[in-house]
Structures are given as structure tokens and as C-alpha cells.
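Swiss-Prot lists 1-21, 74-93, 142-153, 205-208, 263-268, 322-328 with the feature topological domain 'Cytoplasmic'. What Swiss-Prot lists as transmembrane segment is 22-42, 50-73, 94-112, 116-141, 154-174, 177-204, 209-232, 239-262, 269-289, 295-321. The topological domain 'Periplasmic' annotation in Swiss-Prot covers 43-49, 233-238, 290-294 and is backed by a curator's inference. Sequence annotations record features per position, and here Swiss-Prot assigns site 'Important for gating' to PHE276.
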Amino acid sequence: MLHFAHIFQNKVHTMNITKPFPLPTGYFGIPLGLAALSLAWFHLENLFPAARMVSDVLGIVASAVWILFILMYAYKLRYYFEEVRAEYHSPVRFSFIALIPITTMLVGDILYRWNPLIAEVLIWIGTIGQLLFSTLRVSELWQGGVFEQKSTHPSFYLPAVAANFTSASSLALLGYHDLGYLFFGAGMIAWIIFEPVLLQHLRISSLEPQFRATMGIVLAPAFVCVSAYLSINHGEVDTLAKILWGYGFLQLFFLLRLFPWIVEKGLNIGLWAFSFGLASMANSATAFYHGNVLQGVSIFAFVFSNVMIGLLVLMTIYKLTKGQFFLK
């Protein structure tokens, strides 16, 4: 028996040398988008009886995919540790690791309707996890020498911006609204500081084709920000919410114009980078609709977001059936 275990470990070691782990960390964008869309549908429960069923189905699928990916990442930590280490120290790819605590919090948000205790545990794990990761990894960049202008990619929004906004929303769900404001402030200031740096980089140099799908992350900050804000202020659509929504739509128009350039080399799973922004657009649209504010725009935003994420799902299924989903 030990002989077979030794052979298996040697085989795994050989595989590590010859091929990458089949699941990139960026693929956590799939349960991210599905979970956020589930929450958007949940907020329509009092308007459409079927909305709860749609939300539950999306939530169950998102949670199942998240569990699968977490197990695969645990396997990666065990047998592909050098690849994990390289990703952590990469000036670009390290940001995608933040998707793990972000999705953990969103799955906690979904589970809250069924099991508040487990949900709260997941939300706190995600909140503490993202804060520790940002503290350890992002602070290293302040030491200099490890970050260059070309390292400025949209994925850099994830650790300090998206993660803090998600913490704000999740903590508000648990009733910690004041604490949520702290994370909201952290995310908003981080966004304001990083946004001009990224836009300046995009103006003076082009993203490589393999990184262009990450442009979808640019859609997220404004819509995730307004969703977090509406969570902690009890859903009141005030002037700030309208301002944030307006900026989100401006980014949407820019990205629609750039989309042919983004997919110049073909469709790929990386396009799920758009999903968090799209789902947060739908989520905030429900609050605008409930508040009788820009109801026509909110209906369009909700329908558009669902159609776009539906197309991402169809693309993913196609890639799976063609054997093009996992890295080889």
C-alpha cells in the first residue's frame, strides 16, 4: 500500500513539473457572479413569488461550484505549492487570491436564509481572511522594488476594493451596520486612490491580449460600491447612490465600446470578470425599483445583467463540452 502511495506522489510531482494546475484562481469569478446574482433575485422575493426559487437555484449552484473550487484549491496547496507561492508573489496574479475570501462571504450571504449560524461563520472567515491577505500582501508593495507600472491591472481592485465592499455588505446582513461603514470607507478610499493610477496606465500602454478579459473588473467598483452602500444604509436610494450608479453606467458604456478589442483573441472563461459588476448592477437595480427611483432604468439594468450573465453561463457550458474549460 505504501508502495502505491509513493508511486502516486511521484506521479503528482512529475505532473507538477510538466503542466500547470488546471483551475486558475481567477475561475472563482464564476461562483462570485452566480452568488451575487442570486442575492439580486432574492431582493425581488416580495414582488415576484418565483424570484425566491430563481435565487435559491442560483445560490445552490454557486455554493456547489464554490465548494468544488475550494476543494480543488486545497489540493493545489498540497500538491502544487510552488505554483501557489509563485502566484502569491506575482505582482499581477496575486490579486486573484482575494476572490477566495470574497466568494466565501457571498456564499455566507446566500446560506443566511437557511442557516444563519453557518452563514455568520463563513462571513467572518471571509472578512478576516481578506483583511489579513490585504494586510500581508498589499502592504509589501509599499516597500518598493516589486511593483512596476506594467503590473497595474484591473485585478488590483480585488484585494482592497471589492473585498472591503463585500465585507461591508455581508456585515450589514448580520446587523453590524456601523462596522460595515468602516469596511465601506476602506473600499471607497482604496478605489478612489487606485482608479486614476489604472486609467493612466491604460492610456499610455495597452494590456496584453491574455489580460484583456480582466477589463471586466473595471465595471465592478461603482456597482459593488452602491450595492454595499445600500446594504448598510437600509436600502435608501439617496444622492450618493444615484451618483455611484451614474458612474457605473459610464464605465459600462466605455466597456461596451471596448468589448470587440477585449475579445479580439476569442471568448474565454476570463470574461467572468464582468460578472460581479453585472450582478451588482442587478442587485442595486432592485433597490432603485423598490424606492421608485429611475424604475425604467432599473428594469433595463436588471434584465441586461441577467442576459449577460446567462451568456457567460452558456459560454462556460460550451467550453466544458469541448474540453476547453480547464488549463492543459
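Keep in mind that glycine also has a Cβ here, set from the backbone N, Cα and C atoms.
Taking pairs at least six residues apart, the transmembrane segment (94-112) and the transmembrane segment (295-321) share fewer than three Cβ pairs below 8 Å and do not count as touching. With DSSP states grouped into helix (H, G, I), strand (E, B) and coil, the topological domain 'Cytoplasmic' (263-268) comes out at 0 helix, 0 strand, 6 coil.
Sequence-distant contacts of the topological domain 'Periplasmic' (290-294), counting only residues of its own chain at least 6 positions beyond either end whose CB sits under 8 Å from a CB of the stretch, comprise 43, 235-237, 242, 245. Using a cut-off of 8 Å between Cβ atoms, the transmembrane segment (269-289) and the transmembrane segment (22-42) share at least three residue pairs, counting only pairs 6 or more apart in sequence. Contact between the transmembrane segment (295-321) and the transmembrane segment (22-42) is supported: at least 3 Cβ pairs lie under 8 Å, counting only residues 6 or more apart in sequence. Outside the transmembrane segment (239-262), and at least 6 residues removed from its termini, the chain residues within Cβ reach (under 8 Å) are 212-213, 215-216, 218-219, 222-223, 225-226, 229-230, 271, 274, 277, 281, 284, 287-288, 293-294. For the transmembrane segment (154-174), same-chain residues at least 6 beyond its ends with a Cβ under 8 Å from one of its own Cβ atoms are 26, 92-99, 101-102, 105-106, 108-109, 112, 120, 123, 126-127, 130-131, 133-134, 137-138, 180-181, 183-184, 186-188, 190-191, 194, 198, 214-218, 220-221, 224-225, 227-229, 231-232, 273, 276. Below 8 angstroms of C-beta separation, residues 177, 287-288, 290-291, 293 of the same chain, each at least six residues beyond the ends of the topological domain 'Periplasmic' (233-238), sit close to that stretch.
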